[in-house]
Each structure stands twice: as structure tokens, then as C-alpha cells.
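Residues or ranges marked as compositional bias 'Basic and acidic residues' by TrEMBL: 43-72. According to TrEMBL, the region 'Disordered' annotation covers 43-99. Summarising the annotation, TrEMBL assigns compositional bias 'Polar residues' to 73-87.
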Amino acid sequence: MEEERREHVAKMKKMEMEMEQVFEMKVKEKVQKLKDSEAELQRRHEQMKKNLEAQHKELEEKRRQFEDEKSNWETQQRILEQQNSSRTLEKNKKKGKIF
């Protein structure tokens with residue numbers, strides 16, 4: 001009877017140790033999965049950040065080009081207006097319509 005009890009206790013302790021090992025192994029697997037997921041999220045975050053920075057840089061370059069083109073266009077318009085104004089003034093001088 002005593003022998004059976006000791007065998008039973010030993011068997012229970014062995015089962016408990018095996019269950020703890022399985023539990024620890026599963027915890028380690030879960031922790032590793034979480035670390036892998038975190039690393040993947042960090043990698044994706046960095047990639048998205050780089051893409052966003054590249055888009056921002058590209059937009060700033062396009063804005064600069066647009067502002068340059070706008071400035072050139074405005075300058076050309078002023079020159080054309082001055083030329084038209086000068087021509088009108090010359091026509092009026094020839095016709096004797098000066099104020």
C-alpha cells in the first residue's frame with residue numbers, strides 16, 4: 001500500500017514536471033512569436049516612414065518647380081504687358097492722341 005502511494009506520488013510529480021515543461025515551452029514559443037511580430041511591425045514601420053519621407057521630398061521638389069515656373073510665367077506676363085503698353089503708347093503718339 002505504501003509502495004503504491006509512493007509510486008503514485010512519483011508519477012504525479014513526473015506528470016507535473018512534464019506539464020510545467022510543456023507550459024514553459026509554449027510560453028517561450030508565444031514570446032518568440034510576439035518578438036517576431038514586433039520585429040516585423042518595426043520593419044514595416046521603418047519602411048513606411050522611409051516611403052513617406054521620400055514622398056514628402058518629392059512633393060517639396062514639385063512645389064519648388066511649380067513656384068519657379070509660376071515666377072517665370074508672372075515675369076513673362078509683366079514683360080508682355082509692358083511691351084503691349086509701350087506699343088499702345090507708340091501708336092497713340094503716332095496718331096497724336098497723347099494726353
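Using N, Cα and C of the backbone, Cβ positions are placed for all residues, glycine too.
Beyond its flanks by at least six residues, the compositional bias 'Basic and acidic residues' (43-72) meets no residue of its own chain at a Cβ-Cβ distance under 8 Å. With DSSP states grouped into helix (H, G, I), strand (E, B) and coil, the region 'Disordered' (43-99) comes out at 53 helix, 0 strand, 4 coil.
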